[in-house]
Amino acid sequence: MSLTPAAMRRLMREITELKNNPPEGIRVVTSEENMLDLTGIVEGPEQTPYAGGYFRVRFQFTHEFPTAPPKCWFATKIFHPNVSSAGEICVNTLKKDWQPSYGIGHILVTIKCLLIYPNPESALDEEAGKLLLEDYDAYCSRAKLITSVHATPRIRPPEFQTSSTEEEGESSTISIPVSIPTPAVVPPPPHITLPVPTSASSPRKPSPTPPSQPLQSSQANTLPSSISTSTVSSKDGKERLSPLGTANSNVAGPAAAATTKAVKRSATSASSGTEKRKKALKRL
C-alpha cells in the first residue's frame, strides 16, 4: 500500500541521510525499482556472540506510517531470546513505545542495542531465553555457531567496504589547523669597527736585557806577573840589563807600551850620564 506524499518525502529524506551519514555499524539498502523495498543491515557488536556477523532486517510500511510503526523482521537467521524462529522481533519500540518522530535509523539502533543487551523476560525464543538465564556459556556457544553459519560472510558486505574506504579517504584529507608560533626576528648586531693600533700609539716592547756575565781577561790585554828584563845597549857597546817592575794584570796594551817607552828613556839618560863622566875624567 502506498504512503501519503508527506510520509513519502519524509522517508526519502531519512534514507538519503542514512546513506550519507550512517550510524556506526548500520547501513540501509533500497531497491532501484521500489524505494519502499527497504533493507537494513546491522553489524554484530564486538564482545558479543554476534560479532563478525551481518544481520539483515526487512521493513514493510503501511499507509499509517509514521503514525504507526512499520513491520520489521530478521531476514537473517539468529539465535536470540527476543527473536522468533520466523524472525519476528519483540521490542517495545515497535509496539507501545513507538512515536511518530521515530524513524528507520531509530529502529535499527534499537535492534543493535538488543543484540548487546537481550531481554529474557519477553522472550520469543524460549530455548534461547532459558540458556541465557541458566547457562550463559552455552547460550554464547549456540549463538556464535548460528552466527558463523548464517550471518558471517566470507567477504565483508560492499556497503561496509565502500563506507570504510570513504571514511579512510575523508580522514586522510582532513586538515587540522595547528598554530605554530612564529620565531621572533632578531636584528643583526651593528657593525663595529675596532681601532687598529698604529706604530706611534702602540707601546714598545722592552728589549730583552742580556744576561750579565763576569768580565774575563783577554790574553792580549794582560801582562805576565813575572819580572821581565830588557836589554839596553850602551854607547860603549856593552849590553846592560834593565830590570822592569811587575806589570799589572789588568793593564791594557797601551799602558804596557807607555811603560816600555819610559824604561827606554831612563836607560838612554843613564847612558848619556856615564859618557859625560868619562869625558870629565879624560880632561883631568
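Residue numbering: from 1, along the chain as shown.
Every residue, even glycine, has its Cβ placed from backbone N, Cα and C.
Unlike curated entries, TrEMBL annotations are predicted automatically.
Taken from TrEMBL, the feature domain 'UBC core' covers 6-152.
For C90 (active site, glycyl thioester intermediate), the same-chain residues lying six or more positions away in sequence with a CB closer than 8 A to its CB are N82, V83, S84, S122, A123, L124. Look at TrEMBL and you will find C90 tagged as active site, glycyl thioester intermediate.
The feature region 'Disordered' is assigned by TrEMBL to 156-284.
Per TrEMBL, the feature compositional bias 'Low complexity' maps to 171-183 (among others).
The compositional bias 'Low complexity' annotation in TrEMBL covers 193-204 (among others).
Marked as compositional bias 'Low complexity' by TrEMBL: 214-234 (among others).
What TrEMBL lists as compositional bias 'Low complexity' is 246-272 (among others).
Per-residue pLDDT, averaged over the domain 'UBC core' (6-152), rounds to 94.
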